[in-house]
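**Student:** Quick one: structure below, then a few questions.
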Amino acid sequence: MRVRYKPWAEDYLKDHPELVDMDGQHAGKMTEWFDKTQPIHIEIGSGMGQFITTLAAQNPHINYISMEREKSIVYKVLDKVKEMSLTNLKIICNDAIELNEYFKDGEVSRIYLNFSDPWPKNRHAKRRLTYHTFLALYQQILNDEGDLHFKTDNRGLFAYSLESMSQFGMYFTKINLNLHQEDDGSNILTEYEKKFSNKGSRIYRMEAKFHSQK
């Protein structure tokens with residue numbers, strides 16, 4: 001997705017330090033950032049925030065983190081958080097490679113990867129969020145019962161991710177090869193998902209865990 005640069009976005013985000021971490025001020029203190037101590041779920045690459053804000057509104061007993069590096073998108077997530085008065089959702093404006101700088105070992109209960117960039121060229125495989133270096137970060141911060149939820153419309157990325165996770169020592173608790181035909185009604189749409197599923201795109205989804213989190 002091409003992002004149109006918003007020169008004012010950075011200042012807008014900096015005006016809300018209680019909701020947005022721009023420079024790691026809450027690194028290692030995620031639990032303390034929230035009003036209540038509750039399980040933490042993360043979405044990496046939240047886009048405009050429809051998915052994560054819907055989850056937060058539906059589940060006040062869970063604390064959510066939206067992690068998105070593009071400042072010109074993050075402001076839309078912030079707008080939704082303010083409009084919906086969500087106290088259980090915070091935003092990190094940074095790259096996923098910094099995850100273990102923010103979260104302690106075993107601090108997270110769930111990670112969502114929704115419609116991540118497929119980086120289709122082989123030379124860019126290291127940038128895929130299901131490449132083994134990222135999986136190692138997820139394993140580090142997830143607790144023993146924690147899991148990873150992955151959703152994409154890119155068949156190649158889905159196949160790659162299944163293989164990458166299997167080779168890393170993960171197992172799958174759920175796999176959907178055509179989510180919108182198999183959905184039990186619990187699926188929450190992202191903005192991207194709604195747009196492309198209406199055009200007939202097939203959506204792939206999986207849930208996975210590590211055999212040994214540590």
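Cβ atoms here come from the backbone N, Cα and C positions, even for glycine.
Given the structure is predicted, the values throughout are model-derived calculations rather than measurements.
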**Student:** Among D35, D79, D153, find me the residue Swiss-Prot lists at the same substrate site as K121, T190, E191, Y192, E193.
**Tutor:** D153
**Student:** Of all the recorded positions given, namely E43, E68, D95, D117, which is spatially nearest to T190 (substrate binding site) at the Cα level?
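**Tutor:** Nearest listed residue in space: E43.
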**Student:** Cα-Cα separation of E68 (S-adenosyl-L-methionine binding site) and K121 (substrate binding site), in Å?
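**Tutor:** Answer for this pair: 23 Å between alpha carbons.
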**Student:** List, in sequence order, the residues of the same chain other than E43, E68, D95, D117 whose Cβ lies within 8 Å of the centroid of the Cβ atoms of the recorded S-adenosyl-L-methionine site.
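**Tutor:** Nearby residues not in the site list: I44, G45, S46, M67, R69, E70, A96, S116, L129.
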**Student:** Could you tell me the maximum Cα-Cα distance in Å between the residues recorded as binding S-adenosyl-L-methionine, namely E43, E68, D95, D117, rounded to a whole number?
**Tutor:** 14
**Student:** Fewest other CB within 10 angstroms, which one of the binding-site residues E68, D95, E193?
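**Tutor:** Comparing Cβ neighbours within 10 Å for the binding-site residues E68, D95, E193, D95 has the fewest.
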